[in-house]
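S.K.: Next up is a structure, given as structure tokens.
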Amino acid sequence: MMTASSIFFGATLVCYFISTILYVLGVTGRKMKIAAGKANIWTKWGYIFSISGVLMHIAAMITRGVGAGFTPVSNMFEYMSFWAFTIMLAFVVINFFYKVPGLGAFVVPVGLTILTYASVFPREVKPLIPALQSYWLSIHVTTAALGEGILTISFAAGLMYLLVVTDLAKQPRSAKFLEFIVYLFTALVSFIAISLSFRIGGYEVIAQTAEGAAQLYKMPPIAGPSGTDLGSLTTLLGVSLPLFNAPGWMQGTDSAIQFNTIIWTVLGSLVLYGILRLIARKPLVAVISRWVRGLDEEMLDELSYRAVAIGYPVFTLGALVFAMIWAQEAWGSYWSWDPKETWALITWLYYTAYLHLRLRQGWEGVRTAWMAVAGFVVILFLLVGVNLLISGLHAYA
Amino acid sequence: MKQVQAETQKKKQKSLFDHIWDFFASVKVAIVIIILLAVTSIIGTIYPQENAIPSPNPQFYYADTYGKMGDLYYRLGLSDMYNSWWFLALVLLLAISLIICSIERVIPLYKSLKNQPIARKVIAIRGDRLYANQSEADQSRIDQLAEAFKKKRYKVRREGNALLAEKGRLPRFGAYIIHIGLLIIIAGVFVRLIPGAYYSGMVWLKQGERQYIEDVGFGLQNNGFTLEFYDDAQTRVKKYETDVAVYVGDEEKATKHLIVNEPLKFNNTLIFQNSYDPNPMFKRGKVELTDKASGKSYGTFDINFDDPKPSYQVGEYTLTMINYYPDIKVDPEKGGVYTNSRDPYNPGLQLSISKPGMEGQTQWMMPLAPFVEEMLGKEYQFKLKLVQVELFNMTGLHLQKDLGIPVVYAGCAVVLWGLVLCFYYQHRRIWARLEDGELHIGANTNKNWIGLNKEFNKLIATVGIDPVTFKPKAKKKAAQQAKQLDTPQSDAPHGKEGTEK
């Protein structure tokens, strides 16, 4: 069963990858320019591959669930994979009704990125600890992820809307912000690529902190724990590491490691971004904004809002109400201000503000679209940032 | 003229209450409060809160673990910020805003929907985004339409040659139902401030131990604790369970095999299997007395580490307890020993061994510290060996009494109901009017125009009108013009907001 699951998982990755390529070709190909937002042969096949990918994904999860004996949403690999699934599912369903071919060029790469990120985490099935032995695990996690998946569509549509309405030449400030969003995506991709390659290579270096605690580095320590002798830990391509140390005020348990990861991510993203810039020879946003030419801005605005209107109640149910009921049963308190819980509330408050602001004059359109785009960062922090940077009761992975 | 003067006078003499009311009636203020709550909540997640740290001494913990920043965090009270007065004040401000904002809008909405005209001007109907007409029509068409609407479960009202069909008025109130639900949740949270309505605490029980918990009025007894791991190296816990019994006085009132995720409820109090002490304690053991040099056994005795006897008899030898340290520690500075707790995690026994005709010889026994024992016991004639031992882990039970829980759950249900109404249902209205032999039909909804369009076309087909498509959203200018004429959307709950900016 687990072998079958791995094969299906691989097939899912391939489907999403092909779908991404087809969609990007479909919106950039000079000869198959999307006329007035109509689908072309590329985007049609892109959609078909998205659907196949979603079906493969379902097969991968079912076989894994059968093999493990429980719903596979209990560690970071399974959870990230499930989130990618809900993003793609929401896309496939919403695209069926709204038929915006260009949407795929924005959503499918995100789904693919998240699924690739899932592969960074160990894939082995670990039996469940007592707190997770509850049917509420699957109910709470799947509903919450579905809400987050739908909200991700709002981000993509909001971004497309901004690309349509922004005149890059006349609105340099907006253009810069949009370019920054594109840069953030390259940062995400490079973070995943670096983590994945060092994990595949099985890279590990142990550093001793000044207090004598051992720190396990899974990337070469450019920055060591504060107080380490420079160049004493290891060498990478002939360079002795660390080159410098984390500042002394960073005294959290893993903060030196996180500091090092951030340095790697920034370096990697600058390289990746630089290469892309060299190929494009202009701001990347100028390239991407051509993907959305001819799309109806009002429809995109409406789509972005509708995705929030559909996703918000699902998120409330899954990430807050079901979470409270389960917390009450497992931890003996429906609310304990655990960081994950708190961030779910922050995300909810954020979208609550979005929904209220949308009713105000002057907020429809550009401003709320920016909020929808920034909302993805909030969700990303809720799902990934909290686990990486803050420990708490949800640190199972 | 006089009246106008009186009104301006009235405006000028707004009382303090009016000012406060107007302040909280603003959605802008509500949004600011929401954002403040979100932003301040972030601060509380930078470091763990006091309820989540593995130390009972936050004053040292934050400085030790997180350095200067941690110390500052603790000093600013951020380590327990969700219980701070200012955070609770923000929640209360949100509650006030929820109440006043809702009252300000729900009453006008209710009134305008109640008093809406059945017969709208034809020119207004023509301006609807969804509009169809039929010439050479007569009163029978209106009758036919009324029948068709009723079949589709519309509420139909008629006035002469005009008709208003309406469906889903309640969803218009969805947002306010959500607000009510949120207020119920907030009320449910604050129930814990009522004396006797809330208790939360941990109980640690050894095997067979019974403790009485005064705040909840009953006692708990541990009749057996089991701990299982998935692997032999004991890294991943499979289950931990307690056979627990509830006592009132000396009477057993309830028992349960308590597992994680399945609490026992007694007397409005929930009893949870929360945790266990990872360090096992000594319960009972069998000790063998041997000759150190020859290894010859003199016999054994049984010991209860919770309650050791003053002396034991092994054959002709008498072993007298000089000192018993249940959790022995060596003091590195003074060099002596002391006990860290009264629980037998690491027992240390100092015995005097004697027999008729032989003077008492002092001897230590430390099963978990053989090196210390060895060091002290170079001169010993005897050796005390623990040949059998029964260990156990303490079970950690969490007790929670919160009479607010059903209130919070009820609030959640109301919020969800409101969310479904607000986001998944729509308010549809269709007007029909016969004038000069021409039938005009116009429709309006607050969302899902495509859905309404489909239904509209089916309905007008019953009187033989061809399908129509709704017009794209009117641009601002056009919308303003329509507003001046007559707009069915003028009763929008947030219509007031436009003027506020």
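If you go along the chain as it appears here, the first residue is 1 and each next one adds 1.
From the backbone N, Cα and C atoms, a Cβ is placed for every residue, glycine too.
According to TrEMBL, the protein carries these features:
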DOMAIN    A:74-185  domain 'Cytochrome c assembly protein'
DOMAIN    A:293-394  domain 'Cytochrome c assembly protein'
TRANSMEM  A:6-25  transmembrane segment
TRANSMEM  A:45-67  transmembrane segment
TRANSMEM  A:79-98  transmembrane segment
TRANSMEM  A:103-121  transmembrane segment
TRANSMEM  A:141-165  transmembrane segment
TRANSMEM  A:177-198  transmembrane segment
TRANSMEM  A:257-280  transmembrane segment
TRANSMEM  A:303-327  transmembrane segment
TRANSMEM  A:342-357  transmembrane segment
TRANSMEM  A:369-390  transmembrane segment
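How about a rundown of where these features are and what they're close to?
M.R.: Residues 9, 16, 47, 50-51, 53-54, 57-58, 60-61, 72-73, 104, 107-108, 110-112, 114-115, 117-118, 121, 141-142, 145-146, 148-150, 152-153, 299, 303, 307, 311, 383-384, 397 of the same chain, all 6+ positions outside the transmembrane segment (A:79-98), place their C-beta atoms under 8 angstroms from a C-beta of that stretch.
Same-chain neighbours of the transmembrane segment (A:141-165): 71, 73, 79, 82-83, 85-91, 94, 100, 102-103, 106-107, 110, 174, 178, 181, 285, 288-289, 291-293, 295, 297, 300-301, 303-305, 307-308, 310-319, 322-323, 344, 351, 365-366, 368-373, 375-376, 379, 382-383, counting only residues six or more beyond its ends whose CB sits under 8 Å from a CB of the stretch.
Long-range contacts of the transmembrane segment (A:177-198) within its own chain (CB-CB distance under 8 A, at least 6 residues past either end) are made by residues 113, 116-117, 119-120, 159, 162-163, 166, 168, 218-220, 261, 264-266, 268-269, 271-273, 276, 283-285, 288-289, 370, 373, 377, 380.
Tertiary neighbourhood of the transmembrane segment (A:257-280): same-chain residues 183, 186-187, 189-191, 193-195, 215-219, 221-224, 246, 250, 286-287, 388-389, selected by CB-CB distance under 8 Å and a gap of 6+ residues from either end.
Remote same-chain residues near the transmembrane segment (A:303-327) are listed as 90, 94, 98, 100, 103, 134, 136-137, 139-151, 153-155, 157-158, 161, 333-336, 341, 344-345, 347-348, 351-352, 354-355, 358, 368-369, 372, 375 (criterion: CB distance under 8 Å, separation of at least six residues from the stretch ends).
Residues 144, 151, 308-309, 312, 315-316, 319-320, 323, 363, 367-368, 371-372, 375, 378-379, 381-382, 386 of the same chain lie 6+ residues outside the transmembrane segment (A:342-357) yet bring a C-beta within less than 8 angstroms of a C-beta in it.
Taking Cβ pairs closer than 8 Å, the transmembrane segment (A:369-390) reaches residues 76, 79-80, 83, 117, 148, 151-152, 154-155, 157-159, 161-162, 165, 177, 181, 184, 188, 258, 301, 304-305, 307-308, 339-340, 343-344, 346-347, 350-351, 353-354, 357, 397 in its own chain, all 6 or more past its ends.
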S.K.: Please average pLDDT over the domain 'Cytochrome c assembly protein' (A:74-185) for the predicted structure.
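M.R.: Across the residues of the domain 'Cytochrome c assembly protein' (A:74-185) the model's pLDDT averages 90 on the 0 to 100 scale.
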S.K.: Taking helix as H, G and I and strand as E and B in DSSP, count the residues of the domain 'Cytochrome c assembly protein' (A:74-185) in helix, strand and coil.
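M.R.: Taking the domain 'Cytochrome c assembly protein' (A:74-185) as a whole: 87 helix, 0 strand, 25 coil.
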